[in-house]
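For reference, Swiss-Prot has these:
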type: BINDING; residues: ASN7, GLU383; note: Mg(2+) binding site
type: BINDING; residues: LYS14, HIS207, LEU208, GLY209, ASN210, GLY211, ASP282, PHE283, ARG284, GLY330, LEU331, GLY332, GLU333, ASN334; note: ATP binding site
type: BINDING; residues: ARG90; note: substrate binding site
type: ACT_SITE; residues: ASP147; note: active site, proton donor/acceptor
type: SITE; residues: HIS179; note: site 'Transition state stabilizer'
type: SITE; residues: ARG240; note: site 'Transition state stabilizer'
Amino acid sequence: MKVLVINCGSSSLKYQLIDSVTEQALAVGLCERIGIDGRLTHKSADGEKVVLEDALPNHEVAIKNVIAALMNENYGVIKSLDEINAVGHRVVHGGEKFAHSVVINDEVLNAIEECNDLAPLHNPANLIGINACKSIMPNVPMVAVFDTAFHQTMPKEAYLYGIPFEYYDKYKVRRYGFHGTSHSYVSKRATTLAGLDVNNSKVIVCHLGNGASISAVKNGESVDTSMGLTPLEGLIMGTRSGDLDPAIIDFVAKKENLSLDEVMNILNKKSGVLGMSGVSSDFRDIEAAANEGNEHAKEALAVFAYRVAKYVGSYIVAMNGVDAVVFTAGLGENDKNIRAAVSSHLEFLGVSLDAEKNSQRGKELIISNPDSKVKIMVIPTNEELAICREVVELV
């Protein structure tokens, strides 16, 4: 079976065509600047990268161009649209309606739309991508895979906020969590790599990228996670503040004469390590600045690592123990300094890091010493493959 995996943003569209038998990506690509001038970058598994500058006025045109690239006689990987057996769509927010992936029908589309208030930047774009694919491939089964679904196993004590219960009743204000597809894939892979029984395991997954979140996965189920109603809660991130005193919003708004929307924009797009360091949202730039003596850059890195470690500690309490701590996503997979800084806070647990193994980038391996009481691991995430597997199970 060939599965087309679509991740649709407001002005971009990532895709992979995956052979579900070999679990290999036959082609990967990205449509950028949709609605502006348009650019499609396409690469087949054994071919050169192709960059096509072409107008992409909307997502339907972008999907048509993706199909054309996949079928191109020079760099394509299929000869007919009929070779695409199913399409898997990443959907950011499923609210409480979706605890699992589902085959898309009109009822599902309506339910996704009802969650738009919870993810106004993402869900509408996800729906546009789904509808564009449906118009081009009306007879191909489509599956929605939700970022929030994996975390629907959290108990109430983990997802309820200390606010009037009526807001949960009326508006479903609660912790939802995100990056669920990644947390699910990585936690399962971790139990295999560590030789653990998934039904008797306690794994903490640190998904550290420009967006970052941590989850506590007990016996294969998410029991807590750092992101909340929105992806703004939790860890300090590239541009997001993460946890803070809510009164700061009112305080800054009054001091700076800003509207609520302006303050929220600052917390989402101008805070995190970017705001703290004054350098960049890219940890490579911040580390370079820190090495040159920039104190704000040093502080941003130290606070980031401390916050990660503090969450790890709290999730050990949530699960009454831990077997493995796993680093994944761009930063977690590639930044040895961040992994070492976080792990240094965990030495009281008997954590012992192998410096040579930790120096490797982007490889799946155990980076703790054999005598470490908790396994520390690096597992590259593969959300597209995880979505493909969900699709195969349902169709």
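In case you wondered, yes, glycine gets a Cβ from its N, Cα and C as well.
Because the structure is a prediction, the values reported are computed rather than measured.
Annotated features taken from Swiss-Prot, shown on the structure.
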residue: ASN7; record: Mg(2+) binding site; Cβ within 10 Å: 22
residue: ARG90; record: substrate binding site; Cβ within 10 Å: 22
residue: ASP147; record: active site, proton donor/acceptor; Cβ within 10 Å: 26
residue: HIS179; record: site 'Transition state stabilizer'; Cβ within 10 Å: 29
residue: ARG240; record: site 'Transition state stabilizer'; Cβ within 10 Å: 26
residue: ASP282; record: ATP binding site; Cβ within 10 Å: 15
residue: ARG284; record: ATP binding site; Cβ within 10 Å: 11
residue: LEU331; record: ATP binding site; Cβ within 10 Å: 24
residue: GLU333; record: ATP binding site; Cβ within 10 Å: 20
residue: GLU383; record: Mg(2+) binding site; Cβ within 10 Å: 24
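If you measure from the Cα atom of ARG284 (ATP binding site) to that of ARG240 (site 'Transition state stabilizer'), you get 17 Å. Note on LYS14 (ATP binding site): other Cβ atoms within 10 Å of its Cβ, all shown chains, come to 19.
Among the binding-site residues LYS14, ASN210, ASP282, GLU333, not one has its Cα within 10 Å of the Cα of HIS179 (site 'Transition state stabilizer'). Over all protein chains present, the Cβ of LEU208 (ATP binding site) has 26 other Cβ atoms lying within 10 Å. Checked against ASP282 (ATP binding site) by C-alpha proximity, the recorded positions ARG90, ASP147, ARG240, GLU383 yield ARG240 as the nearest.
Within 10 Å of the Cβ of ASN210 (ATP binding site) there are 17 other Cβ atoms, across all protein chains. According to DSSP, GLU333 (ATP binding site) is assigned to a helical segment.
For the recorded site, ARG284 (ATP binding site), the DSSP three-state label reads helix.
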